[in-house]
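Colleague: Take this structure, written in structure tokens, and hold onto it; I'll ask about it next.
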């Protein structure tokens, strides 16, 4: 086979790999001016509201709660999210991440709701309280696994073996794996969801190149512009009677007055620990929730790496990921004390918002945490924003989750894509990460229970929940293959991009790690990262 001719001097060269993402307007340590930071913080608050409303809206009615309970659980989830976000940004990973509700915890929570011991409760309110206490007990136990793995440094040792190659399927499916919340959500009320999707693309991608004034404004504040326009449009459709004869399901998704949150929310209320009563414990449910907690830990690891990229920081050192995971465990413990019926993980949509706005500032996210706490206490005002129709959020998710998925793919710049080993690990991990959960979810949708179906519901959850998580399956397959196939070969080490992250494997090897991730108030003296 003839060799290719040598390249000419002016011939195109591939793009050089970059350890930090360029073209970010404000990086993790450089806050925008205060007025702009406050508006951007409010935008993060609006984006995280979607998940905060969707999860309790799905769970509380099944638990036996009405609109009052739903409004109180949403308020509590919002309040706790604010506290957890402040903890994570000050003492945890120090990344600009919003810590909100997690879809991963929904399946084991439904198992607790369906547990036999609550079925004989005739009074719906009493059933709601008993179920809530059951979830609180399970979450208290589940939080320990993240605290132990995080603060002991065990998770740090696992992450040290992660290479850019094995990180790609994990991070990509943290974003792409949430496709069910994208266009299927838009289609629930296409006349509201689709305009949001089209307008947000237009405002963020096209208007800045067409208009010669205020270029960054449309991209940076696109969410506020488009949500205001489409929400007003949905309000006009509602009051003009467009949905008067529509089916009840359409009315719930499209109308702005059907959430029942504003009527159910008190004017002022401060959520407090054990507001639903003392937690109850069940060993089986605790085991299932612990397994779920581990899945959330893996997904959060991928989200942390994506957030560090979009914040224009260097690769987050394993010890800092471990510290962040430990604090996420504390967040889940706080969830269980307050009673949110849900655990905490990184809000993936807010990581996507970092990319859309090109602002990865930590201060912006800390300001958004202030908005969460403020609007959780002022219930009626918080409920007003929480009543934005959910297809509007789904329209935004199409863009945010895509950004997070693309961030995962961007780490391929450190890998040799002409290597068959790289192609196999990459392709197989992606394929299994999509195919295995598809089987588990399809089976559950048809049969009403997962493929593993024994008399012990908690055991079923311990197997069914992990294999229904796309990032977990893809990350597990890629991590295992990458660390077992031809690992001692020096060429392979370069092919997988392992050498690119060498200087970030230890906190002290690169001075930039200290700049981005060291603790405030000189706390690194007492809690040194290694």
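Counting begins at 1 with the first residue displayed.
Any Cβ shown, glycine's included, is placed from N, Cα and C.
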Colleague: Ranges 217-236, 237-256, 257-276, 277-296: which does TrEMBL label transmembrane segment?
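Modeller: Within the set 217-236, 237-256, 257-276, 277-296, TrEMBL attaches transmembrane segment to 217-236.
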Colleague: So which range, 16-34, 73-91, gets flagged transmembrane segment in TrEMBL?
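Modeller: Within the set 16-34, 73-91, TrEMBL attaches transmembrane segment to 73-91.
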Colleague: Of the ranges 118-136, 137-155, which one does TrEMBL flag as transmembrane segment?
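Modeller: So the range that TrEMBL calls transmembrane segment is 137-155.
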Colleague: Transmembrane segment per TrEMBL: which of the ranges 193-211, 307-325 is that?
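Modeller: Per TrEMBL, the stretch marked transmembrane segment is 193-211.
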Colleague: So which residues does the transmembrane segment (193-211) touch in its own chain, when a touch means Cβ under 8 Å and the partner is 6 or more beyond its ends?
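Modeller: For the transmembrane segment (193-211), the list is 185-187, 218-219, 222-223, 225-227, 229-230, 233, 356, 391-392, 394-396, 398-399.
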Colleague: What residues in the same chain, six or more past the boundaries of the transmembrane segment (364-386), come closer than 8 Å to it by Cβ-Cβ distance?
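Modeller: Counting only partners 6 or more residues beyond its ends, the transmembrane segment (364-386) has Cβ contacts under 8 Å with 26, 31-32, 37-38, 40-46, 48-49, 52-53, 71, 74-76, 78-79, 81-83, 85-86, 89-90, 96-98, 259, 261-262, 264-271, 350.
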Colleague: For the transmembrane segment (392-412), what are the same-chain contacts with Cβ under 8 Å, counting residues 6+ beyond its ends?
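Modeller: The answer is 47, 49-50, 54, 164-165, 167-176, 178-179, 181-186, 188, 192-197, 200-201, 204, 223, 227, 230-231, 234, 302-303, 306, 309-310, 348-353, 355-356, 426, 497.
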